[in-house]
Protein chains: 2
Amino acid sequence: MQKKGYHIAVLGATGAVGQQMLKTLEIKDFPISKLTLLSSARSAGKKVQFKGIEHTVEEVNPESFAGVDIALFSAGGSVSKEYAEHAKRHGAIVVDNTSAFRMDKNVPLVVPEVNEQDLFNHQGIIANPNCSTIQMVVALEPIRQTYGLSKVIVSTYQAVSGSGTAAVEELYEQTKAIIHNEEYTPEILPVKGDKKHYQIAFNAIPQIDLFMENGYTFEEMKMINETKKIMNLPNLHVAATCVRLPVPTGHSESIYFEVDKADITPQNIKDLLADAPGVELQDDPLNQVYPMPANCVDKSEVFIGRIRKDLDEVRGFHMWVVSDNLLKGAAWNSVQIAESLIKLGIVK
Amino acid sequence: MQKKGYHIAVLGATGAVGQQMLKTLEIKDFPISKLTLLSSARSAGKKVQFKGIEHTVEEVNPESFAGVDIALFSAGGSVSKEYAEHAKRHGAIVVDNTSAFRMDKNVPLVVPEVNEQDLFNHQGIIANPNCSTIQMVVALEPIRQTYGLSKVIVSTYQAVSGSGTAAVEELYEQTKAIIHNEEYTPEILPVKGDKKHYQIAFNAIPQIDLFMENGYTFEEMKMINETKKIMNLPNLHVAATCVRLPVPTGHSESIYFEVDKADITPQNIKDLLADAPGVELQDDPLNQVYPMPANCVDKSEVFIGRIRKDLDEVRGFHMWVVSDNLLKGAAWNSVQIAESLIKLGIVK
């Protein structure tokens, strides 16, 4: 029997994703008996509204998780690494939205529409995948289940809110400066911690996260490795090119994929995706119906359109996948994991 | 022996590309003995500067091309169809920047770095390819020559100036409206002649040109068919997804390609492209060096970076290709064709 409510902690409550987590917990009417809002020292003391009640954000400490059932972490990888064990020690299950534990083989990496059952293997920590990965696997999993999947080549069109609220602010301030012919100095994008910063307004930057020695960015390698782990397809061919756009919120993806079966039509894929969990099909090109980032904001679905057959490869298809990177890409997927933990009886 | 100068006509002299053609003729110090500036009735009478001298744009008529050596057309497909024969009748060679004749088997479709020799087959009309095709084939041709080429999958990130100056204006006006929280009504993009118009500011629209019954846009089919024709590879596998971005000028492309030879390294490709005609390599990811649209404006090169090997396909590579869509994508390629016509002695 389910409890009437659960003690939920949100670590990183004042950040872009933390704020969306609170909004999502509110909208989805998540059963909460107690809410503990935590942050680093820098943001502690800030006031945050939840269901009309003002909460004060507390500075996280090793004892913050006493009595917590589920702790939603979204305060950066180093904070997760420091506090996950403390949360576990107090019996909380951590749902971590950073990349700290995603590729740890003892940590399930979960998108409920794809691999909800992996939650049973948790050892106290569950990882929430990278935003650009989540929306892609939601689109690909129904296809894999019915027609098999051997290859994925994705080019992304990613929004700046993936880099946090300060990056969104930078986009708007830079845009204003350019329009008014004023000076500006890029300070955050493409990557706060990297050496150089570039104009994002009216531009496209082919760098998200730092570069690795192999010429790929960490973001690209996240998409590649996380997709294989979530879908449990270690031999799937996956390639990714990740690009930052002057879009505040909403990631788009141009995805080429190959199924195992021949003779599959675009209509077969459309029929499948029209009924797929978490998906809204928007695919009527002759009436100019297709997903766009400006239309996906504040919605929890993954929007899919432009499904068409490759003209050369009998097993090849193309599609265009858009979702709110702060919701399904982060906050909503985390809250969904929390819902699944309750539904499956893992959190009692 | 070359003449000291040629009689050049520019049809569509007041448009976005026409203006860039004049600028390019000026910068490249093209040998001009006489310049005739033409337009439709709507723009006739406008004043245009060329090398400090004011020219009045005349309304085109069937006799406008008397004595003209080379006529650069960029006033829309229907205007090209109406006047190309008149220009031919007067002995002019037409370099047409519209899609009117591109797939006509009697019309060479030329990117001088790739297939300059095809100019010898002209019958009075030479077609300038689509902007997004040109920059891609400039990047692919040196690779094909040395290592072979079997497959191309491209996702584009295209600027609004590809839709004309009014579309650029719409981007800026919409951006201002959104920033100042004012109302606006999209009226041009994604396609002026289509039924619905969408916000382009802070958005990404997966439609360029109209849709065909097969689910592809005309823009995508242009990239596919023109690439095969220019490179003279009818059996090349080419797939394209074309997306419009809130970028004023500068098309970017995420290109996956497969060569015929195995054991080719990214360094092999880089060495090749570093010396390739019309190319500037910008590929040093660890120092955050890669091409971006904001840096390519007013430059005639095709900029290439992010060259890396696919992690699964031994013959597969990825790269990121950026160029000024009004210059190499249109005006510069047209003027370059005119230069080649003189250099090869086709126009005497």
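Cβ coordinates come from backbone N, Cα and C, glycine included.
Automatic prediction, not curation, is the source of TrEMBL annotations.
Just one of A:Asn295, A:Asn325 is listed by TrEMBL for the same NADP(+) site as A:Thr14, A:Gly15, A:Ala16, A:Val17, A:Arg42, A:Ser43, A:Ser161, A:Gly162, and that one is A:Asn325. Pairwise Cα distances among A:Thr14, A:Gly15, A:Ala16, A:Val17, A:Arg42, A:Ser43, A:Ser161, A:Gly162, A:Asn325, the recorded NADP(+)-binding residues, top out at 25 Å.
Across the domain 'Semialdehyde dehydrogenase NAD-binding' (A:7-122), DSSP assigns 35 helix, 32 strand, 49 coil. Note: the CA-CA distance between A:Asn325 (NADP(+) binding site) and A:His251 (active site, proton acceptor) rounds to 6 Å. Proximity to A:Gln158 (substrate binding site), defined by a C-alpha to C-alpha distance within 10 angstroms, is shown by the following recorded positions from A:Thr14, A:Ala16, A:Arg42, A:Arg102, A:His251: A:His251. Rounded to a whole number, the C-alpha distance linking A:Arg42 (NADP(+) binding site) with A:Cys131 (active site, acyl-thioester intermediate) is 25 angstrom. Around A:Arg102 (phosphate binding site), the same-chain residues six or more apart in sequence whose CB sits under 8 Å from its CB are A:Leu109, A:Ala127, A:Pro129, A:Asn130, A:Lys222, A:Glu226, A:Lys229, listed in sequence order.
Distance noted between the C-alpha atoms of A:Ala16 (NADP(+) binding site) and A:Cys131 (active site, acyl-thioester intermediate) is 13 Å. In the three-state DSSP scheme, A:Asn325 (NADP(+) binding site) falls into the coil class.
A 10 Å cutoff on Cβ-Cβ distances gives A:Arg42 (NADP(+) binding site) a total of 9 other Cβ atoms nearby, all chains included.
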